[in-house]
Structure formats: C-alpha cells, structure tokens
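Visitor: Let me give you the structure first, and then I'll get to my questions.
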C-alpha cells in the first residue's frame, strides 16, 4: 500500500496530504503501481465524460483534456517539452542535451511538441465522444504507465541523482513481468484479443523507437525522456483506439 500511495502522490496532483516514507526501495517499488494509477486516471476521465451533457461535444472534449492535464500537473508534458528541446537543440552533444533538459525556459521545439500532442488528444477525445466510446479513455493512461517499467528494464539511467536514480538502483525486476501480464489481461477484456495485441505491439514499437533516440542523444534515459515517452505512447494509443474501435 505504501508503494501505491507513493505512485499516486507522484503521478497525480490529488490532495492526499499523506506523510510518506520516500526511501529508495519504496520509490522503486512504486513503479509496479504506475499502471494502476494510470487506470484510475482513465477511469476519472471516463466518469467525467459520462456526467457531461452529450450535446456539447467540443466543450466536453476540452474539459476532459484539461482535467487529464491537471490531474498529473503537466508532469509528463513537462518532460515532453524538455526532451523536444534537448533532442532538437543539442546538435548531437550529449552534455548539452542534458543541460537543455534542466533549462526551465521552453524553446520552439517544446511548444510545437506540446501543441501537436494536445491537439491530437483533443481530436481523439472528440471522436470517442461522438461514437459513445468514452470508456476507452481508460486504456491510454493504463498502457502508457507501463512505459517506465519497460524502460527501466532495458535502458540505463544517465543521471547520478534524483528519484530516477533510486528507481534504477532498486528496480524490482522480478515483479515487473507479473505486472505487465496483468495489464495484458486487462487490455484483453477492455479491447478484445486482436486489438489488445495490436495496441501492445504498437506501444512496444513506439518505446523501441524512443529508446533508440534516447541512446543516440544522451546515452540512456532521464526522467524527462520517460515523461516524453509516456505522453507519446498515450497519444499514439488513443489515436489507434479511435481507428480500431469507432467504426
């Protein structure tokens, strides 16, 4: 339960007001609960969409997207913005890329990345609302929160300090495969066998491509690149769901 509370407090801005023991092992084990927190975020978005009037699709989509951003406090969007600036502005210099990620100022690449991701999410939410398929909003946050598990299993963490360093040092390898199996089973129930397998295959392809970019530009991953990977996976999965499930 402690690991779950750490995951919930870190990934959301829900007013928990709980004193938590942020020891390295507890922080690392909280990764196992990321998909659960993702499912909770998706469930909240689904419930919000359900209670909204169905004759104002664009406004409801904007509200759902706004809550989606506010629930996490823009945590992963910040990582996306920093990563976009670093990948495009470092010109192949790894240290420069890492330095850019720490710069609080947003460059043109950051703005473009944020606009594109939010625009695609908005359009996809509109489509789900129009086809009465808002329950599918549960899937993208759930599947995208598996991204950190896959990355920590396969990719070096390049910074020497921070929460990511603790997660990398104490990563619970033995339990991760069981968590991913449970997510796979959940997807089978939510989307059907064919769609679940296709979504997982595409998500893995996205992770593989992003991982290749991380290794090329900085030699591994950081918290920012993990956040960027979550956002990109979310928007890809959400877009695929629209095409697969709203005929």
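Quick reminder: no glycine exception, Cβ is built from N, Cα and C everywhere.
Pulled these from TrEMBL:
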- 31-51: transmembrane segment (TRANSMEM)
- 58-77: transmembrane segment (TRANSMEM)
- 106-126: transmembrane segment (TRANSMEM)
- 133-153: transmembrane segment (TRANSMEM)
- 180-213: transmembrane segment (TRANSMEM)
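Give me the lay of the land around each of these features.
Guide: Through the fold, the transmembrane segment (58-77) approaches residues 11-14, 41, 44-45, 48-49, 52, 114, 117-118, 121-122, 125-126, 129, 137, 227-228, 230-231, 234 of its own chain, all at least 6 residues removed from its boundaries and within a Cβ separation under 8 Å.
Residues of the same chain lying 6 or more positions beyond the ends of the transmembrane segment (133-153) and with a Cβ under 8 Å from any Cβ of it are 11, 31-32, 34-35, 37-39, 41-43, 45-46, 49-50, 64, 125, 167-168, 171, 173, 176, 179-180, 183, 186-187, 190-191, 199-200, 203-204, 207, 211, 221, 226, 229-231, 233-235, 237-238, 241, 245-246.
Here the transmembrane segment (180-213) has Cβ contacts under 8 Å with residues 35, 39, 87, 135-136, 138-139, 142-144, 146-147, 149-151, 154-155, 221, 225, 228-229, 232-233, 236-237, 240-241, 244-245 of the same chain, all six or more residues outside its ends.
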Visitor: How about long-range neighbours of the transmembrane segment (31-51): same chain, 6 or more residues beyond its ends, C-beta under 8 Å?
Guide: 3-4, 6-8, 11-12, 60, 63-64, 67-68, 71-72, 125, 128-129, 134-135, 137-146, 148-149, 152, 167, 171-172, 175-176, 179, 182-183, 186
